[in-house]
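Okay, structure first, notes after.
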DNA sequence: CGAATAGGAGTTTTT
DNA sequence: CTCCTATTCG
Ligand SMILES: Nc1ncnc2c1ncn2[C@@H]1O[C@H](COP(=O)(O)OP(=O)(O)OP(=O)(O)O)[C@@H](O)[C@H]1O
């Protein structure tokens, strides 16, 4: 194919990218490249190429993403590249999601029942606490904190150590260094106990999914079909994940060699005996999960372990403007350990990065909200809310931002923060469902055996648990026996056994309904009714919001069901695995019957283990696993159907797969419905699969009837992948479900920097760029600091067109009781902040020490971000053209006119008025409100910036245009372009500048030398509770005149008063609850996610979105290749 | 012994 | 703010 024009699905790649995407599929490939260089695009294209060009069956290709969200996006892109059918057959998901599917399907191979439950972080924590309790909190006489145990155990699991391996290693280490090991040896005791508890409850925690996954993939045959594995974000994998990757990769060796149909044009070369179908992409600069035991060194490890690994670099950034890229690089380059890399963009330099200091966190939030509005208007709608993201160091920082956005009537969504599944009412209901599915799951039993109150108190529960353990049964089973009276159990009080009746019956009802194929929503409904949950909610308070959540859960259940029907997700993979195995004529279950020991050392290719390629030697077992299937795969691939026409190709194989599938043997539950359902629809193979997942009605009996399945799986029936199981799994595995929550309309995205990894947005605000925040105050080790720096780098590189780094001079930390803490600019940014040059700028003192910032000081000038703290970049037609270029978005006809009009309209709003109004410098300077802290738009910023020559080296595209100074917007604002008032600020009592002799960074943890007058908890108390809702609404500017608020009108209006009360009301949590008083029409747009959370305490203004989600066009999603 | 209530402490980042 | 613990009342 050399020389030929690339096929259309590869047309969107640069030459370098194309080369990477089409690199030989049989040698290990590493794509190491910076942000925005198209790594993900290449990986996606490569998957497509393997299927379309190299004719791999989609089900033989494993694609691992970092988050569920990323998996969804990749799925969407692949839809377009290779079609929905093939896409759905790929094995695509996070390591966790992928392994949970393998475990459900093949878990029996490692004696794991397939109805196991996945513990969420909370259950896991509780279980570890319980384990710790068995030692009275002090195993081996060492008092341990639960947190400590959780961390150490997770750490061990991330290193692929079970309790035994952990203890063994520790004892080895103990020989050399006894003291530090003692504590962890105590943890090992807890680990043993925890492990045992997990087994009893038939549960796996998150780490187990990987750990057990390793064990499973080592079983012969499980990955005997895999021809290629692709992993995204490899820099953030942990050791266990590395092993998983290796096991997949090792399997590909023999599978590839055994598949002549996949031979490259010239046949295998000697190099190909190293054949490994492995492609990973990553960027060490973006490794931000070491705290979760990720090992960047996995990149090197792979390079060393898989000989012949080909390394490809991509140096062109397709995402960001020159200004953004430059500033970002200046941040990350401060890392002296870092390996320098080339990265350039051919995009215009664009608008300079804005570094904005704010008096307070709320001022910061207000700045962002008003700036979002302004940009939408001033770009004439070229940008909409979806183009904006606000990135935070931690979730709690979202509060102020959300509040301000609400005040401006800007809809927003919080990524990842979805606490929905953490709410008690949800957990309760899910616990009932879980008990029906997995009666051994003690955490669920404990949670709801007395919910609603059944007079089964703590003591009784403990007695029941003890009794169950004594009898060697699950508590739920014990309860069932007690109720059914089949066994008389001594020592159970009659009151308790009577009380258990309703509980047991409720679970039984769910179980039987589920067996009859009832929808999950119906099951939830059944629980609610049979236990009287609604009444219970009324009793415990906050009924309305909780009840809404319940309804939302029911809604969500239907949604999951739908998405499963549409083949979008879930056990799909299992189907594909099944099919692949069928195709390979490989039936592990049959082999199991024969019982192991007869693994063929001969792979059918004349290679022995010793001669096996390097990768296969990574893990001996893995090598063998691969060989087991080698012969079968060879047979398969040898069939003469490798036609050019890939439609034919697939369908032919498909037919063969069906032909060869043993009729009933493998997993009855799996095969049967398909056979039955397909004719019904008379439809394609895929409809059959769809049915397979959902049509679980009255299959239960059939599925376990007869053969071998029953004995392998002890306590509970080896049922079909039921809707219930799928649903529960989705609930625990997806903290990420908010994807679905695209209700109507564009929304600003709020996310943590971590959660934003891999995403991109037109405009990004990084908030709280302060010492203590970035780096986070708990990061102390150099390695931790470096990770914090990279985190900021990741955040900055999410931006395409405009980047704002904002920080606040003071901010309330934690609980509240205290006064605001003084904060200073992050050391990561200080070296870039240029001060003095721009309008008597307000900046950190020139001599500010930026610890840990090595290296690039000399470059600081060239890389400087104008420290024009009060500037909002002016937007003109030229900038809009740049935006359109970078965003790859056409400028509509008549855009300029639209722009002028929208600008004009905007300038008439109170939001604009508020922007023009001088902003307060700090809380402490409230008394000086209006005394001349300037604000306004700078139309010169970009000119000066460009004039600095700091970006001369970038792009040279000529795309960047000088602003026409004083463009249409400027007139109204020139009067406000006053920057001279930093001295005012200092004089007002802000300690940083004035009292510390300019050493901002030296005072970060010290008390302010000047206590702001009049601002005290007393004032806060006065402002909030003593006011009526109406007063507060008025004070907050929300208006009380019938509640109809004109867009942009109400919220900002009365701010002039700006006394403490109104200032505070805008800042106190009390405000949000009053928003509920507003009629819906005027209610602020909800921050939405799916399912909608109704937090009883803070449900202010949130309205339940009952509409169907719209699946497409998620903000933050990368642009799809054409 | 169970239920309800009050007080206290701890709150990064996530699969 | 929310989870856990201690206390008190029934
Ligand atoms: N050849 C190309 N031409 C035009 N746009 C491209 C090209 N390659 C990638 N892009 C675009 O550049 C952006 C970044 O691509 P992508 O997300 O794949 O990069 P990445 O390296 O994975 O980034 P990150 O490391 O930040 O996750 C996307 O919007 C993508 O569509």
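Glycine is treated like the rest: Cβ placed from N, Cα and C.
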Looking at A:789-814, A:893-918, A:919-944, which one is region 'Disordered' according to TrEMBL? A:919-944
Where residue A:35 (ATP binding site) sits in the secondary structure, as DSSP reduces it to three classes: coil
Of A:37, A:40, the binding-site residues given in the record, which has the fewest other CB atoms within 10 A of its CB? A:40
Cβ-Cβ under 8 Å from residue A:35 (ATP binding site), same chain, 6 or more residues apart: which ones? A:283, A:285, A:286, A:317, A:319, A:320, A:328, A:343, A:793, A:794, A:797, A:798
With every protein chain in view, how many other Cβ atoms are within 10 Å of the Cβ of residue A:33 (ATP binding site)? 26
Count of other CB atoms lying within 10 Å of the CB belonging to residue A:36 (ATP binding site): 25
DSSP secondary structure for residue A:40 (ATP binding site), reduced to helix/strand/coil, please. helix
